[in-house]
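Notes follow the structure.
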Amino acid sequence: MNAPHLPAFVDWLKIERGYSPHTVECYSRDVIEFFQNIDKKIKTEEVNREHIGSYISSLYLVNSGSSVARKMSALRTFFRYCLRQGHLTVDPLAGIAGPKRSRHIPTYLTVDEVFSLLEEPKKKDRFFLRDRAIMELIYSTGMRVSEAVATNLADADFSAELIKIRGKGKKERLVPFGSTAGETLQQWLPARNNMIVDRITRGDEPEREAFFLNNRGTRLTVRSVERLVAGYGLRAGIGVRVTPHALRHSFATHLLEMGMDLRMVQELLGHASLSTTQQYTHLNLEHLSKVYDDAHPQAKKSCDQNK
């Protein structure tokens, strides 16, 4: 591979842009894949539109449109970085459009389904207080699962019912969590503190700052939360696969159904762009249409006439 600027690019993504480790890994892998697929003798500054076009064409043979779009985004970021650093005089991706992404309508739960899910952790479950608390927190704040597991004890202000969330790009936001979530979170704290004392007694060094711990006294992982949410979703008899992201989508959808302004929802979710939040307006329109059909006399009349 002939990309000597890749290590510095990776550092720039981490330090300057504040990208998550997952995104940095994906971008790095995409750049490496590109240079492995073109002539290995070609240097970064020799890459041109023909190389890019040929590579993109090959991607469509084995990748979905969304995957191609992500790989192009990685390459676009890399070559723009090289241009800014003076390694290039021309951006080889300039003017090359990526594939149009199909509009993805996010999965969300009804209010009743959310309540069933939150009530599913029982005393027979070893970490039922923790599991109930983290699901309640995600639904009550709309935070990402990565933000939930990164939460520290000091981030929660129980008197003000606010929590500090460290989001993408190292951006922080304060989000209210409500009295019900506050009670659930505080119910978990004694068990959490006992776990820390137990690990210290055993000679271990637990993660004392982390709000949510696993049985080893270390910070709960994203994968662990995904598994536990899916498990409780199955037990609750919910007809779709339940994920932490579905809880986040449910938070946004339910707020819009209650009439909250879209820009306020954008702030709570930590979206940089309003267009990202607008995916939820489709769901809200579906809800309004259903309410109209159920309540409006003319809607009922036309339905009856069509029978």
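Cβ coordinates come from backbone N, Cα and C, glycine included.
Annotations in TrEMBL come from automatic prediction, not curation.
Copied over from TrEMBL, here are the features:
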DOMAIN    1-83  domain 'Core-binding (CB)'
DOMAIN    104-293  domain 'Tyr recombinase'
ACT_SITE  Arg144  active site
ACT_SITE  Lys168  active site
ACT_SITE  His245  active site
ACT_SITE  Arg248  active site
ACT_SITE  His271  active site
ACT_SITE  Tyr280  active site, O-(3'-phospho-DNA)-tyrosine intermediate
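Overlay of TrEMBL annotations on the structure.
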{"residue": "Arg144", "record": "active site", "CB count, 10 Å": "20"}
{"residue": "Lys168", "record": "active site", "CB count, 10 Å": "16"}
{"residue": "His245", "record": "active site", "CB count, 10 Å": "16"}
{"residue": "Arg248", "record": "active site", "CB count, 10 Å": "22"}
{"residue": "His271", "record": "active site", "CB count, 10 Å": "18"}
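Arg144 (active site) sits 11 Å from His271 (active site), taking the C-alpha atoms as the reference points. Of the recorded residues, His271 (active site) and Arg248 (active site) place their C-alpha atoms 12 Å from one another.
DSSP assigns His271 (active site) to coil in the three-state reduction, placing it in neither a helix nor a strand. Averaged across the domain 'Core-binding (CB)' (1-83), the predicted model reaches a pLDDT of 84. Per DSSP, the domain 'Core-binding (CB)' (1-83) is made up of 61 helix, 0 strand, 22 coil.
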